[in-house]
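The structure appears below as structure tokens.
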Amino acid sequence: MRVESGSAQERGILLESLATLLEKTTASHEGPASGNRGLTDLLPPEVCSLLNPAAIYANNEISLRDVEVYGFDYDYTLAQYADALHPEIFSTARDILVEHYKYPEGIRKYDYNPSFAIRGLHYDIQKSLLMKIDAFHYVQLGTAYRGLQPVPDEEVIALYGGTQHIPLYQMSGFYGKGPSIKQFMDIFSLPEMALLSCVVDYFLGHSLEFDQAHLYKDVTDAIRDVHVKGLMYQWIEQDMEKYILRGDETFAVLSRLVAHGKQLFLITNSPFSFVDKGMRHMVGPDWRQLFDVVIVQADKPSFFTDRRKPFRKLDEKGSLQWDRITRLEKGKIYRQGNLFDFLRLTEWRGPRVLYFGDHLYSDLADLMLRHGWRTGAIIPELEREIRIINTEQYMHSLTWQQALTGLLERMQTYQDAESRQVLAAWMKERQELRCITKALFNAQFGSIFRTFHNPTYFSRRLVRFSDLYMASLSCLLNYRVDFTFYPRRTPLQHEAPLWMDQLCTGCMKTPFLGDMAHIR
């Protein structure tokens with residue numbers, strides 16, 4: 001590329017702007033003693049409190065005035081569980097592997113590490129590779145693990161034929177269940193990923209040969225046994241105060257909706273006895289009077305797609321009845337069934353129905369894509385991630401990354417030796433900052449919502465399958481029942497007011513950040 005005669009002067013202005021910014025950021029990089037200076041001077045005081053962890057965020061415009069019927073999943077939607085449940089699931093499944101599947105006794109030395117994995121990761125079964133994939137199906141380098149050890153970027157690229165791209169459409173189905181690659185989408189999968197990684201780590205560390213597919217199936221079966229045999233249900237029932245969170249808030253949400261004339265229903269995969277005890281704890285003995293329809297052991301997601309399973313009524317003791325179901329009655333309990341009969345019997349169709357769940361595939365995908373219901377995703381991790389985003393450390397790191405990115409794009413015009421040296425130094429610093437920012441969320445995998453700059457595959461599904469998302473159902477208490485949620489107009493790349501680029505290069509007037517809060 002030919003450089004015009006004025007380019008030396010332009011480069012000088014660019015570097016002078018950088019020097020000014022570097023001077024302002026020096027304090028923030030030197031340590032906490034200077035933490036109130038540096039990049040803070042560039043940011044208005046309110047910048048670190050822009051996001052509210054108790055807010056509801058909209059992917060699609062929706063007016064609650066138009067919603068007449070509210071539906072709910074149970075686990076991690078109506079009932080929020082404490083993290084103390086995960087070590088119990090992990091250790092019990094670990095012991096099942098040793099005692100029933102005859103895995104080495106040495107596996108018992110592993111304990112659950114709550115800081116290892118995040119939701120939304122993919123697992124390549126044949127390669128024993130746990131990794132984070134972005135919205136474009138590329139592995140985020142530095143986030144691929146075999147067992148408990150990171151896999152070098154060069155090896156990851158070589159494993160996939162010289163590319164970071166994963167052909168998910170060939171290797172995994174719509175619900176992320178394989179056959180070659182599994183996506184871990186629900187919160188219960190956190191102990192499963194941890195156990196899978198620990199078992200692989202043991203086998204590799206002791207140079208034991210193993211079939212990757214067999215190991216994966218054994219671990220998932222052991223985790224499934226914890227649920228199928230009712231062990232998890234027993235732990236929760238024995239100490240609901242310990243394991244169930246925000247029960248009073250759940251009661252407040254349901255009571256408020258009923259008081260405003262809304263119809264409610266519950267569709268859950270959990271058994272009646274478990275749901276009944278939990279709802280009695282949170283709401284009281286008359287909890288069924290709040291719901292117009294209650295369906296347990298629904299077998300989602302096939303409940304939404306399989307027309308063959310009929311509804312069965314349960315008596316007060318939870319025993320199956322034999323009578324044919326011609327209507328769904330308030331106060332009664334139904335088992336299995338399918339959505340097509342549900343729609344026929346209730347006539348609850350389209351956008352006047354809003355259903356909440358925590359699993360993007362099992363709870364929300366089919367309802368939005370096939371049936372036109374409005375959907376709300378419960379993402380408990382959102383609260384913690386927003387609190388991190390609101391810290392000065394995160395804001396400083398992101399601000400400088402954005403500045404460097406703009407400088408890199410402009411500086412590549414200059415091809416002399418000095419400019420290339422500066423460019424290389426900036427690229428190295430940008431990569432270091434990206435790694436620091438990633439570690440603020442999780443040392444191994446970073447944020448569940450972003451790779452370094454792209455949305456994650458999890459985020460892509462979240463936007464596609466949910467109209468609203470929030471940290472917990474209690475966020476509804478912060479809004480009127482006729483409130484309209486408007487998604488912010490986030491800029492496309494050709495629309496974006498790249499304010500940090502403008503700030504560091506001085507090429508355009510920078511908008512006041514307070515006026516740009518909606519962009520976030």
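These residue numbers are counts, starting from 1, taken along the chain as shown.
Yeah, the Cβs are placed from backbone N, Cα and C, and that goes for glycine too.
Database features, via TrEMBL:
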type	residues	note
ACT_SITE	ASP73	active site, nucleophile
ACT_SITE	ASP75	active site, proton donor
BINDING	ASP73, ASP358	Mg(2+) binding site
BINDING	ASP75	GMP binding site
Inter-residue C-alpha distance, the residue listed as 'active site, proton donor' and ASP358 (Mg(2+) binding site) (nearest angstrom): 8
Distance, ASP358 (Mg(2+) binding site) to ASP73 (active site, nucleophile) (CA atoms, angstrom): 8
CB within-chain contacts under 8 A for ASP358 (Mg(2+) binding site), separation at least 6: ASP73, ASP75, TYR76, THR77, ASP186, ILE187, ALA377, ILE378, ILE379, PRO380
Active-site residues: ASP73, ASP75 - member with fewest neighbouring CB atoms within 10 Å: ASP75
